[in-house]
């Protein structure tokens, strides 16, 4: 096996392991965030039963759906996240070779920074093309608030993908894809670009203390998450449209979704669940740091 192929596989393995561990750890926060984002577009949650905020959601979920329901959709998330994060990291390094070949980070800072932004954004958009149906299914499973199997909209990952495909075809599994690409480019560009640039400007980038790495990563994930959050809210709302017919369809398209959320719910609605997203971002920061640590041993 060539050195390049071995390096690619190491990136894939290290990124995937780090992602699976961290996403399982923050799964309850992830579900709370998703419910707050999409409850307004859910057929299962009437206006009077909507969650009032993070604490209300955390208290009611175990009472109404059982404690283990905090991890509803987590299996789909791990399955989805393994290739997503692994491909992101692996492609990121390939794109860095394209955008940053021959660039001196000390003498050409802005070109180095722009190259990191481009490689991070391109990596995120590329991997999204492959795994979007899994991301869609994870969202719909997490948004399913039925207690028993008889009250659930879907009985699992396979059931979700099958039902939506039969109802809407492949298009249904890619609902909200365009706004997802916009959001993922913004998020990944900051996530990878700023992180790599900050680490690259340190005296010894390959031997950075784990606490310093974590602090840099934490700042990056928090900022990137908040900047791209409105795009995430719109794409989740669009995902909730699949499988609906006639009067049940809330939004005719992405632009209509942006417009209706702003008009009917106000600008704050774009940031519902954003605080839980910041907490969840700790998991994202942990992924970056864990990835660097795993690569030292793989």
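Placed from the backbone N, Cα and C atoms, the Cβ positions cover glycine too.
The model shown is predicted, which means the values in this text are computed figures rather than measured ones.
Lifted from Swiss-Prot, the feature list:
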| type | residues | note |
| --- | --- | --- |
| TOPO_DOM | 2-7 | topological domain 'Mitochondrial intermembrane' |
| MOD_RES | 2 | N-acetylglycine |
| REPEAT | 6-98 | repeat 'Solcar 1' |
| MOD_RES | 7 | phosphoserine |
| TRANSMEM | 8-37 | transmembrane segment |
| TOPO_DOM | 38-74 | topological domain 'Mitochondrial matrix' |
| TRANSMEM | 75-99 | transmembrane segment |
| TOPO_DOM | 100-109 | topological domain 'Mitochondrial intermembrane' |
| TRANSMEM | 110-130 | transmembrane segment |
| REPEAT | 111-201 | repeat 'Solcar 2' |
| TOPO_DOM | 131-178 | topological domain 'Mitochondrial matrix' |
| MOD_RES | 147 | N6-succinyllysine |
| MOD_RES | 149 | phosphoserine |
| MOD_RES | 150 | phosphoserine |
| TRANSMEM | 179-199 | transmembrane segment |
| TOPO_DOM | 200-210 | topological domain 'Mitochondrial intermembrane' |
| TRANSMEM | 211-231 | transmembrane segment |
| REPEAT | 212-297 | repeat 'Solcar 3' |
| TOPO_DOM | 232-273 | topological domain 'Mitochondrial matrix' |
| REGION | 235-240 | region 'Important for transport activity' |
| MOTIF | 235-240 | motif 'Nucleotide carrier signature motif' |
| MOD_RES | 245 | N6-succinyllysine |
| MOD_RES | 272 | N6-succinyllysine |
| TRANSMEM | 274-291 | transmembrane segment |
| TOPO_DOM | 292-298 | topological domain 'Mitochondrial intermembrane' |
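Of all the modified residues listed here (147, 149, 150, 245, 272), 272 has the Cα closest to the Cα of residue 7 (phosphoserine).
Of the recorded residues, residue 245 (N6-succinyllysine) and residue 147 (N6-succinyllysine) place their C-alpha atoms 24 Å from one another.
Secondary structure from DSSP puts residue 147 (N6-succinyllysine) in coil. When the modified residues 2, 147, 150 are compared by Cα distance to residue 272 (N6-succinyllysine), the shortest distance belongs to 147. If you measure from the Cα atom of residue 150 (phosphoserine) to that of residue 2 (N-acetylglycine), you get 53 Å.
If you measure from the Cα atom of residue 147 (N6-succinyllysine) to that of residue 2 (N-acetylglycine), you get 51 Å. Here the C-alpha separation of residue 149 (phosphoserine) and the residue listed as 'N-acetylglycine' works out to 49 Å. Comparing the modified residues 147, 272 by how many other C-beta atoms lie within 10 angstroms of each C-beta, the top residue is 272.
Counting every protein chain shown, the Cβ of residue 149 (phosphoserine) has 9 other Cβ atoms within 10 Å.
When the neighbouring Cβ atoms lying within 10 Å are counted for each of the modified residues (7, 150), the highest count belongs to 7.
Long-range contacts of the topological domain 'Mitochondrial intermembrane' (100-109) within its own chain (CB-CB distance under 8 A, at least 6 residues past either end) are made by residues 115-116, 119, 197, 200-201.
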